[in-house]
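Heads up, the thing below is written out as structure tokens.
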Amino acid sequence: MEFQLTQQTLNRYPECQPKAVIENYAQYAGVKPEQVLVSRGADEGIELLIRAFCEPGKDAILYCPPTYGMYSVSAETIGVECRTVPTLENWQLDLQGISDKLDGVKVVYVCSPNNPTGQLINPQDFRTLLELTRGKAIVVADEAYIEFCPQASLAGWLAEYPHLAILRTLSKAFALAGLRCGFTLANEEVINLLMKVIAPYPLSTPVADIAAQALSPQGIVAMRERVAQIIAEREYLIAALKEIPIVEQVFDSETNYILARFKASSAVFKSLWDQGIILRDQNKQPSLSGCLRITVGTREESQRVIDALRAEQV
């Protein structure tokens, strides 16, 4: 997919919420335009939800490690307390643990599929969580990787749960991480509150222009082809990793990355780094000792990783 800059109005300020981007995304996600907010990546959405619903020094957010790191970073920056309830052994939600810690919590973040573990959160657990938090807290489903398992999206639940918000991005399956364009899907009342705290002009004119093209029918087709290619490559890489002696465990994935546990993972990480292959070290995350995260690339890139790992003697 080649993008052309069609908007030559760079002497003018952009729209605060570019209409074409909002309408295209709403149509793609199966929601109404008034249920969509566009921001500087989903990371800004994480922060906006804390700023809209939490009072620094008084309220708290809750998340379930091992998971994405920006929930805590945003809360700490704003001065809001972080509470954690580690996931169970299968990385599903500890609903009893969450229930025990909900007092004073205004926003609960759940990443599904979860970064860095790659699995989906059980939909029944999501429903239980939404019932537990009704009238108390906003539940944020971080769906940054949902394009790799679209059947699992909670976008269809918005009518049922007024306190549900969903984070989306163009950084993963749309392959536009450099664009910094993300979305929050929520009911109109929540979107209106977020509009009060977002800094103006989140998308520059060229970014809005490219985002609208990426969300055109042709753009969606290109994205779905890319996803199919990545999923096929992921299965190839998982099968190969399972045959490598230094790999102790390969976890199932619903995303564009694979989490695996290695013997002497720090040495493996450094050795591959020195060869120009950069994996994500997850050692410091709860329950992920010895784990590295590998992004699924091209067949050539997969082969380089496989060959480098086969050559490792531990």
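Using the three backbone atoms N, Cα and C, a Cβ is placed for every residue, glycine included.
Remember, TrEMBL labels are computer predictions, not curated facts.
What TrEMBL annotates here:
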{"type": "DOMAIN", "residues": "5-309", "note": "domain 'Aminotransferase class I/classII large'"}
{"type": "MOD_RES", "residues": "LYS172", "note": "N6-(pyridoxal phosphate)lysine"}
With H, G and I counted as helix, E and B as strand and the rest as coil, say where DSSP puts the residue listed as 'N6-(pyridoxal phosphate)lysine'. coil
Other C-beta atoms within 10 angstroms of the C-beta of LYS172 (N6-(pyridoxal phosphate)lysine) total 25
